[in-house]
């Protein structure tokens, strides 16, 4: 959750600013001369979470598809030794292509 800092003199929001001479991070007011040293050097954190939406369309019956390549990778659920695999590109441009396996024995996607 974002934490906002406010000026104690004029109650406006403080913005991150670099003090180049001392090489430190400050929060400075744009309306007056007030500034304070930042306690935490992280001013923004972007958390990416993968969602189940990216695996929509992957069903257990993919194991019976004869056009998919086969592998002998062990299933983490039933320890079966036969699975099919395929590459899946996420919907957004930033996501990487991922490799998915489907167990032929139990249908588990891993």
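Residue 1 is the first one shown; counting continues down the chain.
Every residue gets a Cβ built from N, Cα and C, even glycine.
Annotation for residue 10 (Zn(2+) 1 binding site): same-chain Cβ neighbours under 8 Å, separated by at least 6 residues, are 29, 31, 32, 34. The Zn(2+) 1 binding site annotation in TrEMBL covers 7, 10, 29, 32.
Residue 103 (Zn(2+) 2 binding site) falls within a strand when secondary structure is assigned with DSSP. For residue 103 (Zn(2+) 2 binding site), other Cβ atoms within 10 Å of its Cβ number 24. Look at TrEMBL and you will find 75, 78, 103, 106 tagged as Zn(2+) 2 binding site.
Across the domain 'TFIIS-type' (71-110), DSSP classifies residues as 0 helix, 16 strand, 24 coil. According to TrEMBL, the domain 'TFIIS-type' annotation covers 71-110.
Mean model confidence for the zinc finger (7-32) is a pLDDT of 93. Residues or ranges marked as zinc finger by TrEMBL: 7-32.
Ranking the binding-site residues 32, 75, 78, 106 by C-beta neighbours within 10 Å puts 75 at the top.
Long-range contacts of the zinc finger (7-32) within the same chain: residues 38, 41, 43, each at least 6 residues beyond the stretch ends and with a Cβ under 8 Å from a Cβ of the stretch. The Cβ of residue 7 (Zn(2+) 1 binding site) lies under 8 Å from the Cβ of 13, 14, 29, 31, 32, 34, each of these being in the same chain and 6 or more residues away along the sequence.
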